[in-house]
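*Asks:* This is the feature table in TrEMBL:
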DOMAIN    631-723  domain 'DYW'
REPEAT    111-145  repeat 'PPR'
REPEAT    215-249  repeat 'PPR'
REPEAT    416-450  repeat 'PPR'
REPEAT    451-486  repeat 'PPR'
Amino acid sequence: MDPSMRDLVSWTAMISCFANHRMHRQSLSTFIQLLRATDFYPNEFSFTASLRSCSNAEFFSTGLAVFGFVLKTGYLDADVCVGCALIDMFVKGSDDLGSAFKVFEKISERNVVTWNLMITRLVQFSHTGDAIHLFFSMVESGFGPDRFTLSSVLSACAELELLAFGKQLHSWGVKSGMGLDVFFGSSLVDMYAKCGADGSVEDARKVFDRMPERNVVSWTAIIAAYVQGGLEQEAIGLFCEMIWGYVVPNCFTFASTLKACANLPEFGLGKQLHSQAIKLGVSAVNCVGNGLVNMYARSGRMECARKCFDILLEKNLILCDTAVDWNAKNLDPKDDIFNLETEGTGNGVNAFTYGSLLSAAACIGTISKGEQIHARVLKSGFGNNLCINNALISMYSKCGNEAAALRVFSDMKDRNVISWTSIISGFAKHGFATKALELFCEMLEAGVKPNGVTYIAVLSACSHVGLIDEAWKHFASMHRDHDIVPRMEHYACMVDLLGRSGLLSEAIEFINSMPFRADALIWRTFLGSCRIHHNSKFGEQAAKKVLELEPHDPAAYILLSNLYAAEGRWDDVAAIRKSMKLRKLTKEAGCSWIEVENQVHKFHVGDTSHPKAQKIYDKLDELTFKIKNLGYVPNTDSVLHDVEEELKEQFLFQHSEKIAVAFALISTRKPKPIRIFKNLRVCGDCHTAIKYISVVTGREIVVRDANRFHHIKDGKCSCNDYW
């Protein structure tokens, strides 16, 4: 176009075009050219488009300048579109819900879109109670909710487990003619799944089956519902049905289905999903990459987990560096915030990116990577972000540094139920039940309403240290004080507590009194207790129940085999192993790993593949001599093989956790704690031996096994030998 022929409409069209295609730098450059090179004055459409390009961390400071311009021109009060763009800019650019709500209150002529936007943003940032209150205000102001309003409020109901209110919204939607809407239906599936009693997916499935039209969101919602309900095989069946119906899965579908694969013994399905994700180009998307890391880590394939994590980290490092560099530039008061000529990708590093990386680091227990990501978070200006801080608490807890997790929690300005639940769960898993219960009391005193996951953490804390009376008190208070219906997981915690305490008859009575049929998790938990207390009668009964529900679960066979082996019933052990072989079921190989100088070292039983194998075994021999002089006696009952006693003792000192400890001692120095990770439960003899090793070496040793953490120092463990 001849420059003289360009009018305000032409300029605004180009600004909008760049903004719509996420070419934010070009959009804002064009906006600045409009101001500098013409006599035109921006209108509401120009402002709206430029503000959309500022709705990210990179250009948020530029957005503040545009916001000042908007205030001077009076468009904030006059135009609803400008107001909506400002709400999004504050929320997406700096997670500033307070400023966003101030803008919302300043908009004089609100419409349904404005109300929907504010409600949706509140839900997305876990301010679900505020979202519901705003919904009531919307209705009181005379605005009728549409499908987007109801979908957002249904999401709030799902998070708060407000089933009764969710049903009222369902009724309202049907009466308003939205009953067949795919968007509304997908939200209903999610709400009924998350609010269903005892994890039932029955109501969610009814809604799904009645939907005349289903899209990828609908399928993802029902798949996630089955995964959440512990019905992994059914979830994978639905995924296959979805593909056969020519619906292409998205990254969230893969994330849910990968979670199902992580909980199944058959690993082939997970590899097929990984392949499918690569073909569709979503394997490096944050939530999918995170799911892959979790799946491989859960199956003990740490090399694959590490590779997936490195791909995820490498993909995001450039974005993280860009955000850090841009933030550093903006701290210089001499910089012109309208100077957009600086090179940069413009791609969005956000809270979700950092959250995904932290979650992946937690899965493989790489605390050094987690600390690096934490540093980037602080440099990028996300230090006060609620979601990231919650992820940091979880990461430090899962990597064995509960003190760091508590520091993050203590420094948080804002906390929600997830923050409290994460720190309580962390202390519970580390065996510090008293601290976990103290935090729970502080949470209640702060007026934060616990949810079902909070009570799982509380009951787990009681279970880990045998606080039976305390657990019964909290179990009873769930429904009485907070209207939370106990689910299968809560009953499993109580069964675990009774079983660990040796009250096996009481545990059976409790299982039989449950208001719904016990699933495989309950019986597997009880079977584990039978193995601890050498009760083969109850153990056989529990194993039979597990195999009725999950005939291809190798865990039941292995637990029963170990129970027979502990009693010397070698013929029964041989029969079980033969049965497993006929069914092509394999035991998960035990392995331990440790991170030293930013590298993960993995060990199996009797491992000699490490370059320092000779030094490791020399150190083991030295440790054996020292701890035996201190009073250590090998517990050969932990060797579940029919061999000579001398050979049993030899087997004990080839366990992967002992090898990992020996490697740590030759590779690290005081006062740094040693952090060992194991994919299975740590054996009794290794637990005892490591306590003695902590005395002779003066080192603190933290072991994370499949169930919990063991903080071992000066010969004492945080579990107090109750595990």
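Each residue, glycine too, has its Cβ placed from N, Cα and C.
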*Asks:* Could you give the mean pLDDT over the repeat 'PPR' (451-486), rounded to a whole number?
*Replies:* 90
*Asks:* What residues elsewhere in the chain lie close to the repeat 'PPR' (215-249), defined as a C-beta under 8 angstroms and at least 6 residues from its ends?
*Replies:* 182-183, 185-187, 189-190, 192-194, 196, 199-201, 204-205, 208, 256-257, 259-261, 263-264, 269, 276, 280, 488, 519, 521
*Asks:* Can you break down the repeat 'PPR' (215-249) into helix, strand and coil residue counts using DSSP?
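*Replies:* Going by DSSP assignments, the repeat 'PPR' (215-249) contains 26 helix, 0 strand, 9 coil.
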*Asks:* Mind checking how the repeat 'PPR' (416-450) divides into helix, strand and coil residues in DSSP?
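*Replies:* Final tally across the stretch: 26 helix, 0 strand, 9 coil.
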